[in-house]
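Visitor: Quick one: this structure, given as C-alpha cells, is what I'll be asking you about.
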Amino acid sequence: MSNFLSDTTKFVNKALKHSTLSPGLANKIITCNSTYTVRFGVRLRDDIYTFEGWRSVHSEHMEPTKGGIRFDIETHAEEVEALAALMSYKNAIINVPFGGSKGALKIDPSQWTKKEIEKITRRFAQELIKRDLISPAMNVPAPDIGTSSAEMAWIADEYRKINPSDINAAACVTGKPANKNGLEGREEATGRGVQFIVREFFRNDDLLKQIKLDNDLSTKSFILQGFGNVGYHLSKFLTEDDGVKLIGIAEYNGAIFNEDGINVEHAKKYFTKNKTFEKYSKATFIKDASLLLKRKCDILIPAAREDVITEKNAEGISAKLIVEAANGPISYKGNQILNRKKIFVIPDILANSGGVAVSYFEWVKNIRHIRFGRLEKRRNQLQLNNLIEAIESMTGSTMPKKYKDNFMDGIEEIDLIRSGLDDMMIDGFQQVKEEFMSNDKITDFRTAAFKVAIEKIAMAYDSIGL
C-alpha cells in the first residue's frame, strides 16, 4: 500500500475511534468499491504507443460519483484510490450529492504535442465511456493535475458521439470551457474556495485564540507551495481582495522569498515564460524549495502535491496556520508532529473542496439546460431600478452612478456561482467547527472533518438499507 493511501486510511481510522459506527459499516466506508485499469494503444509518430490509465470508484452511497482525471507520469493505482476516497469525504462535508471517484492516465503531457494529447485523451475517454466510467448519471470527471478545460471538452465530445441520444450528454464531465456548456468560475473554483475558507477561519475568534492570531487578515503573511492553477488563483484572491501579503512561492525547481511581498501577476508572468524563478529579480531565489516551508509566516498553503510535509520536515515548520489547498500534502506522521506543535491545520477534504462544489453547479446547469440567473435576471434588475427610483423620489436627490452600479452588481451567473460557493464552504466549515468544539476528545480539525464526512456517508448507506 502506498504511503498516500495508507495515510488516508489512518486519518479515517483515527476519526472512526470517535464514532459509534459498527465495524462492518466502518470497513465498508473505508473500502474502495472498485478500481478499473485500462490499457490501450494509440497510433502516433508512425508507431503504436500503449498507455495505462485508471478510474477508481470509492463510494456509490450517492450517484453519480465525481472526481477529476489527472495526467501524470508518476501516478499509480493506489494513488488514484486514495484520491477517490478523499472525493467521497469532500463531497459529504459540503453536501454535494455525489459519491467519490478519481481517474488518472500515466503520461508526461510535456512529451507530446497538443494534437497528440487530444488523440490520446479521446482514446482514453472511449475506453472509460464504454465501461460506464464516464456518464452524466454514473460517473462525472473533471480536470486535475495535467488536465484542463481542453481535455474535458474532448471527453465530452467523445461521449456525445458514442451517446448521441443522451439529452444530458453535456453533463458527462465538468470543467469544460464556458463556451462548451461549461461554467464561468470553474477554473478559479478551488482557489476561490480556499480563499473563502481562510476568510471564514479569521471570522472565528475562538479558533484564532488557539494559535494567538487576531482577525485582521490584511496584516497577515503567507507562503505558497505550488504555483499552478490553484496556487495562482488563491494567491491572487488573498492578496488583491483581502490584503494578505504573499512572501514566498515554492515550486518544484526552486523558490523565491521577499518579506516585503511578491506581486502575484508579475511572478506568474515570469514563471510561465521561464519555467523557473532562478533569475527572478524581485525576490531572493532559494534553490532548495523545501527550505522555504520553514520560513516564518502566519499561513502556509501547500497547493501542489501529496506528502510535501512529512516527519522529515514537519518539525521545522513555523507557520501558525496551514491550509491544505492540495490533496494529501501532509503525511500522517507529519500531521502528528504539527498537532504536537499546536499548528492549526485546515484539511484538504474541507479546504480544497471548492472545485467539486462548482463542478456540481456546472452539472446542475447542464441537466437543467439553462444557465443560472436566466429566468430572474431582468425581473431582479427591474425591482432594483424601482427601488432606486423610490429612494430618489423620497429623498429628493439622485443616487450617484457609482452607488447605482454597486447596487446593481451581483446578478450575473459568475456572481451567483461565487455566492453559492461561499455559502457551501462556510456551511461545511461551521459543521466541522461544531464537531471540533463540542467534542473534547477530538484535538484537531482534520479528525473532526473526517468524522463529519464519515457520519454523513453512513447516514446515506443507512437510508438505502445497508
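Note: Cβ is positioned from N, Cα and C throughout, glycine not excepted.
Pasting the relevant annotations from TrEMBL:
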type	residues	note
BINDING	Lys66, Lys90, Ser359	substrate binding site
ACT_SITE	Lys102	active site, proton donor
SITE	Asp144	site 'Important for catalysis'
BINDING	Thr190, Asn229	NAD(+) binding site
Visitor: Using only C-alpha positions, which one of Lys90, Lys102, Ser359 is spatially nearest Asn229 (NAD(+) binding site)? These are the recorded positions in the record.
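Guide: When the Cα distances are compared, Ser359 comes out closest.
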Visitor: In the structure shown, which of the recorded positions Lys66, Lys102 has the fewest Cβ neighbours within 10 Å?
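Guide: Taking Lys66, Lys102 as the recorded positions, the minimal 10 Å Cβ count falls on Lys66.
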Visitor: Cβ within 8 Å of the substrate site's Cβ centroid: which residues qualify beyond Lys66, Lys90, Ser359?
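Guide: Near the substrate site, the remaining chain residues are Gly67, Met87, Asn91, Val96, Phe98, Gly100, Ala142, Ser353, Gly355, Val356, Ala357, Tyr360.
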Visitor: So if I measure Cβ to Cβ from Asp144 (site 'Important for catalysis') and keep only same-chain residues at least 6 apart in sequence, which ones fall under 8 Å?
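Guide: Spatial neighbours, sequence-distant, of Asp144 (site 'Important for catalysis'): Gly68, Ile69, Arg70, Lys102, Ala104.
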Visitor: Determine the C-alpha span of the substrate site listed in the record, that is the greatest distance between any two of Lys66, Lys90, Ser359, in Å to the nearest whole number.
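Guide: Result: 13 Å between the two most distant Cα atoms.
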Visitor: Whole-number answer please: how many Å between the C-alpha atoms of Lys90 (substrate binding site) and Thr190 (NAD(+) binding site)?
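Guide: Here the two Cα atoms lie 12 Å apart.
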Visitor: For Thr190 (NAD(+) binding site), which residues of its chain lie six or more apart in sequence with Cβ-Cβ distance below 8 Å?
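Guide: Listed in sequence order: Asn229, Val230, His233, Leu234, Ala325, Asn352, Gly354, Gly355.
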Visitor: Including all protein chains displayed, how many Cβ atoms other than that of Asn229 (NAD(+) binding site) lie within 10 Å of its Cβ?
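Guide: So the number of other Cβ atoms within 10 Å of Asn229 (NAD(+) binding site) is 19.
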Visitor: Give me the non-local Cβ neighbours of Ser359 (substrate binding site): same chain, 6+ apart in sequence, Cβ-Cβ under 8 Å, ordered along the sequence.
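Guide: Set apart from Ser359 (substrate binding site) by at least 6 residues yet with Cβ under 8 Å, we have Lys66, Val140, Ala142, Thr174, Gly175, Arg186, Ala189.
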Visitor: Check the DSSP secondary structure of Asn229 (NAD(+) binding site), expressed as helix, strand or coil.
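Guide: In three-state terms, Asn229 (NAD(+) binding site) counts as helix.
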